[in-house]
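Participant: Got these off Swiss-Prot a minute ago, pasting:
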| type | residues | note |
| --- | --- | --- |
| BINDING | CYS437, CYS440, CYS443, CYS490 | [4Fe-4S] cluster 1 binding site |
| BINDING | CYS447, CYS480, CYS483, CYS486 | [4Fe-4S] cluster 2 binding site |
| DOMAIN | 425-457 | domain '4Fe-4S ferredoxin-type 1' |
| DOMAIN | 471-500 | domain '4Fe-4S ferredoxin-type 2' |
| SIGNAL | 1-42 | signal peptide |
Amino acid sequence: MSEKYHSTVTRRDFMKRLGLAGAGAGALGAAVLAENNLPHEFKDVDDLLSAGKALEGDHANKVNNHPWWVTTRDHEDPTCNIDWSLIKRYSGWNNQGAYFLPEDYLSPTYTGRRHTIVDSKLEIELQGKKYRDSAFIKSGIDWMKENIDPDYDPGELGYGDRREDALIYAATNGSHNCWENPLYGRYEGSRPYLSMRTMNGINGLHEFGHADIKTTNYPKWEGTPEENLLIMRTAARYFGASSVGAIKITDNVKKIFYAKVQPFCLGPWYTITNMAEYIEYPVPVDNYAIPIVFEDIPADQGHYSYKRFGGDDKIAVPNALDNIFTYTIMLPEKRFKYAHSIPMDPCSCIAYPLFTEVEARIQQFIAGLGYNSMGGGVEAWGPGSAFGNLSGLGEQSRVSSIIEPRYGSNTKGSLRMLTDLPLAPTKPIDAGIREFCKTCGICAEHCPTQAISHEGPRYDSPHWDCVSGYEGWHLDYHKCINCTICEAVCPFFTMSNNSWVHNLVKSTVATTPVFNGFFKNMEGAFGYGPRYSPSRDEWWASENPIRGASVDIF
């Protein structure tokens with residue numbers, strides 16, 4: 001669709017329709033133009049983009065090479081206004097609900113049940129239903145039949161034909177560092193799943209015979225915080241990350257850490273189904289959450305432990321680990337157009353085992369520099385969007401997760417790693433994304449279960465498992481079915497390909513929000529984002545980019 005649009009509307013005509021032809025100061029700001037000795041009037045879009053190149057980096061976190069129209073704000077002051085006096089640590093957030101369900105949630109007399117994923121796990125594990133007949137999967141199947149293909153065949157598991165089943169089976173293996181144990185049943189006490197990760201290091205993923213680099217006696221790396229951030233960016237992107245950032249742990253930042261978590265376990269169903277009993281961890285995990293405690297202990301002594309295994313029921317975080325390194329993982333953009341495996345399509349869930357791999361390599365890289373770190377994956381420490389927002393990876397969106405100016409909604413993670421490696425903190429950004437979300441709402445219109453708010457941002461959360469105290473949107477995680485539709489229909493999804501029109505749209509969104517309604521309508525008319533294809537075979541016959549990610553946006 002975008003090709004047709006590009007071929008029938010000239011740059012000059014497009015500028016006229018925007019009211020930007022012959023414009024300058026109104027679009028970019030007279031002060032910025034004057035400060036950089038740039039003209040106050042632009043004849044066409046090329047003039048506008050040339051001016052942007054001249055401003056490149058002046059108003060952005062240079063570590064991510066944000067374009068000129070991305071500005072930075074003060075530390076701890078993102079575009080979703082925060083009243084830090086209202087922010088309190090709370091227990092058990094994760095991206096599908098809470099670790100702590102209401103006490104009577106499992107009672108047959110409970111009337112407020114709406115957590116479709118937990119209920120589906122109960123249906124599958126305890127009631128013996130087929131996976132595709134559970135509420136979680138069935139809601140996605142119904143949406144596909146009503147909106148995409150009336151003859152949609154969900155297959156045996158609800159994801160599609162046998163190829164789709166095989167793809168999601170392979171794509172999800174390793175999620176949250178839970179791999180199928182190839183030695184299960186071959187020795188006494190073996191468990192079906194295997195984890196190599198602890199919260200203060202990686203026990204696996206190294207070359208056999210290579211000495212533990214932390215045991216060597218040569219001096220550790222010494223660099224400035226700015227140099228360290230740049231080498232971390234280079235290493236993280238080499239391992240598979242996209243954007244990166246850093247935050248200093250202050251008293252305010254500590255407020256966004258969970259009060260309690262269950263290490264490495266994502267979701268209340270892990271407790272309901274005793275999932276921790278099926279996983280071999282280097283340090284055992286029990287079936288309940290334990291508090292995160294900041295302590296004055298050596299930087300290499302961070303740990304978690306449970307009383308049942310001789311520990312002290314806490315996650316101990318050394319105060320010496322006073323920096324947070326944040327990063328995201330880019331998703332396979334092309335696959336979204338063919339996301340027939342709703343919910344939990346491989347285009348989204350492939351990110352979770354990648355989190356494990358990238359985190360492992362980053363932790364070992366930090367160890368190789370002579371420093372310490374504590375990871376924990378996507379479910380660790382606190383809500384990812386908060387860390388991503390504060391470190392300038394992106395802005396909070398209507399769907400609650402962040403949208404990045406460079407990669408749009410096509411990332412996952414806002415992953416966070418604690419370390420004593422000195423890092424220069426990156427600032428929150430303003431790319432006009434939050435303001436655009438106020439007038440857009442396409443994601444809410446298309447959400448199959450209406451988990452996304454149609455209202456404006458608010459300080460108080462209407463849901464018991466979301467934190468209050470920031471002026472933003474609060475996703476109803478109880479209704480979310482992991483369908484990826486909100487990501488695919490977002491106008492920012494494919495605005496990352498460096499075409500002139502996408503850069504113009506994004507720069508105008510950032511500098512002239514009066515056009516936001518126009519761009520929202522233009523998305524509906526021209527369809528920037530991918531649209532679902534009813535053809536099952538087209539994606540399988542296509543030549544995909546490496547790891548499915550477009551290479552032209554790097």
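Cβ coordinates are placed from backbone N, Cα and C, and glycine is handled just like the others.
What you are looking at is a predicted structure, and each value in this text was computed from that prediction instead of being measured.
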Participant: Nearest to CYS483 ([4Fe-4S] cluster 2 binding site) in three-dimensional space, by Cα, is which of the binding-site residues CYS437, CYS440, CYS490?
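Facilitator: In terms of Cα distance, CYS483 ([4Fe-4S] cluster 2 binding site) lies closest to CYS490.
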Participant: Under 8 Å Cβ to Cβ from CYS486 ([4Fe-4S] cluster 2 binding site), same chain, six or more residues apart: give me those in sequence order, or none if nothing qualifies.
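Facilitator: Correct list: VAL399, SER409, CYS443, HIS446, CYS447, ILE452.
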Participant: Excluding CYS437, CYS440, CYS443, CYS490, please set out which residues of the same chain place their CB within 8 Å of the center of the CB atoms of the [4Fe-4S] cluster 1 site, keeping sequence order.
Facilitator: SER397, ARG398, VAL399, ILE403, SER409, PHE436, GLY441, ILE442, ALA444, CYS486, VAL489, PRO491, PHE492
Participant: On average, what pLDDT score does this prediction assign to the domain '4Fe-4S ferredoxin-type 1' (425-457)?
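Facilitator: Overall, the domain '4Fe-4S ferredoxin-type 1' (425-457) comes to a mean pLDDT of 90.
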Participant: Please list, in sequence order, every residue of the chain apart from CYS447, CYS480, CYS483, CYS486 whose Cβ lies within 8 Å of the Cβ centroid of the [4Fe-4S] cluster 2 site.
Facilitator: VAL399, CYS443, HIS446, PRO448, THR449, ALA451, ILE452, ILE481, ASN482, THR484, ILE485
Participant: Under DSSP, is CYS447 ([4Fe-4S] cluster 2 binding site) part of a helix or a strand, or is it coil?
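Facilitator: It is coil.
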Participant: With an 8 Å cut-off on Cβ-Cβ distance and a minimum sequence separation of at least 6, pull the same-chain contacts of CYS437 ([4Fe-4S] cluster 1 binding site), or say none.
Facilitator: SER397, ARG398, ILE403, TRP473
Participant: Taking just the CA atoms, what is the gap between CYS440 ([4Fe-4S] cluster 1 binding site) and CYS480 ([4Fe-4S] cluster 2 binding site) in Å?
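Facilitator: CYS480 ([4Fe-4S] cluster 2 binding site) has its Cα 20 Å from the Cα of CYS440 ([4Fe-4S] cluster 1 binding site).
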Participant: About how far apart, in whole Å, are the alpha carbons (Cα) of CYS490 ([4Fe-4S] cluster 1 binding site) and CYS480 ([4Fe-4S] cluster 2 binding site)?
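Facilitator: The separation of the Cα atoms works out to 16 Å.
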